[in-house]
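*Asks:* Sharing the features that Swiss-Prot gives for it:
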type: BINDING; residues: D32, K33, E34, Y35, D36, S80, L81, R144, E178, K314; note: NAD(+) binding site
type: ACT_SITE; residues: K122; note: active site, N6-AMP-lysine intermediate
type: BINDING; residues: C407, C410, C423, C429; note: Zn(2+) binding site
type: DOMAIN; residues: 587-664; note: domain 'BRCT'
Amino acid sequence: MDNKLEKMKELVEELNQYAYEYYVLDNPSISDKEYDLKYDELVILEKKTEVTLPYSPTQRVGDKILGEFSKYTHKGRLWSLDKAQNMEQLIEWHNRNLKVIEQYNSMSEDKLPELRYIVTKKFDGLTVNCTYDENGILIKSATRGTGIIGEDITAQIKTIKTVPLKIKNSHVIEVHGEAIMTKTAFEEYNKAAQVPLKNLRNGAAGALRNLDIKETARRNLSAFFYDVGYNEGPEFKSYREMMNFIKNMGLPQDKYIKECTNMEEVEKEIEYIESIRGELDYDIDGAVIVVDDIKTREILGYTIKFPKWAIAYKFEAKEITTKLLDVEWNVGRSGRVTPTALLEPVELGGVTVKRATLNNMDDIKRKNVKLGAKVLVRRSNDVIPEIMGVVEESLEESEEIQAPDRCPYCNSHLVQNGVHYYCENTLSCKPQMVKSIVHFASREAMNIAGFSEKTAEQLFEKLDIKSIADLYKIKKEELLTLEKFKDKKSQNLIDAIQNSKNCDLASFIYALGIPNVGKKTANDLVMKFKTLESIKNTTIEQLVEVPDVGEIVAKSIYDFFEDEKIISNIEELLNLGVKPYYEEERIDENPFMDKTIVVTGSLNNYSRGEIKDKLQSLGAKVSSSVSKNTDYVLVGEKPGSKYEKAIELGVKVINEEEFSNKIK
């Protein structure tokens, strides 16, 4: 038995190496026939021993059909990227980076290096996260999902022959990449497909979202990896170093990666990538520009959605011509009435487009858009269809688009404010009220569990809910009269509404629906002004002092709290028992408060993210590099060069046990 297992291990190692040479390097060292003979030998041994190694190539395609997708919590967050659509926006991003670095270097002895960027292609596929354990075995693969929780697609990813099932690595890592379908694979699949695929992106996404693993394998997907999102081993000092690590692990990587020291070089690389876009065997929709130095990334930090040290440059979208059939006017949460174009259905980038953005009447007149005319439609950022103009020859039999004078839902007279039309009937205009209630109850706002748009519509139509405050007046007996509301569901909603009364101030500010104010801005306002009363009475001059609040956002906030009706609604909410609170985090005295700490090596009781959170909760600053300003270096198993640097500089070194004793 032992001899057979050893032979199996030997065959698995050989076959995986041959697959890497064939699929990744495109340089096979043995013939297909020799490979097949070894593969067949492995299959026979697996049947005889009834043992299959988790990284065996026979695991790439299974006969099973999965029942459902399970959730997977990523060890490291998968961030989205901010986007630039032109060089002006890219230069603005670059200048913001320069400003932060100059400020940091003026106050710190440990200077940051001059900005250096790495430019890569932006692949148009599906983002995936692959987890390899301390033995180098692929144990989990997942979709991006929310960035924190994705769906387990391990079986599907194993069908991608370029993705190694085992790597030569001795610590847990998560590697981010893009699963794609090549044009060659797309054409081959469609030759025999009963339902041909429309585009490469759908081909890749559909394959990974398929519970029939054999069907996934038929799509013959590929992948490129470009980021280590979680790493329990030695930390990287630069993105270049990270990319070399990914390559050395045998993970497939695009050959194009360029280093730039200024925006002129970045622009040239973007132009080059766009020039070869049509020649590639896969789709790209832009370029990605990232800061190379890892410490600089840490100083630049993150917004609530994006890393500030990376940005995606989006290429011009595709355009096509179709007929404008009609215009539909819709009412938003703020009462703004906006036009949507109804189009003769047309295929654009593999998607059937039936509707498009028109923005407002000024936009319609400027573009000379008319009913019945042929219009140019663009999928901006390859996602949102927008009308860019008209075909002049088609205007002869077209009709003018008339601006509405009444609300399409409640028939109230509309008022014009600048380029927009508004319905001021906030009490009985269904779309306004329903969207306001849904926003107020959402998870990031008042977090009223079990609330939905369908529920909001019923509350408006059947219970005559005409304001946010009316939510807190609802009785259980009233809910029981609604469709699908039984005793338990009614009681649960009443409880959820009552529980929401005790909410943090930032969530309450966000729930109010102030124009241009998202959750991050709400948090920043609370951090600056501390109380609801202070926020209500602040000036525009004070508001622009808040990080990332410019004059437009400041005026939105100021005007919002100048509205007597809004102030009256807020007072009613407070009188009904809503108690928004703000608590400054208090940190007890401890040996690590206000200390700079560097962590190196693997800890027994903490992941890298957990120890960072723990240290920050103690009031410590966590740094990625050791300097004479470092107070402690916390050392785990297999420490890297930071340990040697600490000894060299005479920095205090502690192990995990000493750390635990100090915080008891």
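Keep in mind that glycine also has a Cβ here, set from the backbone N, Cα and C atoms.
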*Asks:* Measuring CB to CB from K122 (active site, N6-AMP-lysine intermediate), give everything in the same chain under 8 Å that is also at least six residues away in sequence.
*Replies:* I284, D285, G286, A287, V288, A312, Y313, K314
*Asks:* DSSP three-state call for D36 (NAD(+) binding site): helix, strand or coil?
*Replies:* helix
*Asks:* Restricting to the domain 'BRCT' (587-664), report the mean pLDDT as a whole number.
*Replies:* 84
*Asks:* If you count other C-beta atoms within 10 angstroms, which of the binding-site residues E34, D36, E178 is the most crowded?
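*Replies:* Counting every other Cβ within 10 Å of each candidate, the maximum falls on E178.
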*Asks:* In the domain 'BRCT' (587-664), how many residues does DSSP call helix, how many strand, and how many coil?
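*Replies:* Going by DSSP assignments, the domain 'BRCT' (587-664) contains 26 helix, 18 strand, 34 coil.
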*Asks:* What is the nearest of the binding-site residues E34, D36, L81, E178 to C407 (Zn(2+) binding site), using the Cα of each?
*Replies:* L81
*Asks:* List, in sequence order, the same-chain residues at least six positions removed whose CB sits under 8 Å from that of L81 (NAD(+) binding site)?
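*Replies:* Non-local contacts for L81 (NAD(+) binding site): V288, F306, P307, A310, I311, A312.
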*Asks:* Which one of these binding-site residues has the most other Cβ atoms within 10 Å of its own Cβ: C410, C423, C429?
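*Replies:* Most Cβ neighbours within 10 Å: C423.
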*Asks:* Translate the DSSP assignment of the residue listed as 'active site, N6-AMP-lysine intermediate' into the three-state scheme.
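*Replies:* The three-state answer is strand.
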*Asks:* Around the Zn(2+) site (C407, C410, C423, C429), what further same-chain residues have their C-beta within 8 angstroms of the site's C-beta centre?
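*Replies:* For the Zn(2+) site, the extra neighbours are V331, G335, P408, Y409, N411, S412, L414, N425, S428, K430, P431, Q432.
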*Asks:* I want to verify one value. Collapsing DSSP to three states, which class is C407 (Zn(2+) binding site)?
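*Replies:* DSSP call for C407 (Zn(2+) binding site): coil, neither helix nor strand.
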*Asks:* Have a look around C407 (Zn(2+) binding site) and count the other CB atoms within 10 A of its CB, chains all included.
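*Replies:* Other Cβ atoms within 10 Å of C407 (Zn(2+) binding site): 23.
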*Asks:* Would you kindly give the Cα-Cα distance separating E34 (NAD(+) binding site) and C423 (Zn(2+) binding site), rounded to the nearest Å?
*Replies:* 74
*Asks:* For C423 (Zn(2+) binding site), what is the secondary structure by DSSP, using just helix, strand and coil?
*Replies:* strand
*Asks:* Helix, strand or coil by DSSP: which one applies to C429 (Zn(2+) binding site)?
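*Replies:* Going by the DSSP assignment, C429 (Zn(2+) binding site) belongs to neither helix nor strand, so it counts as coil.
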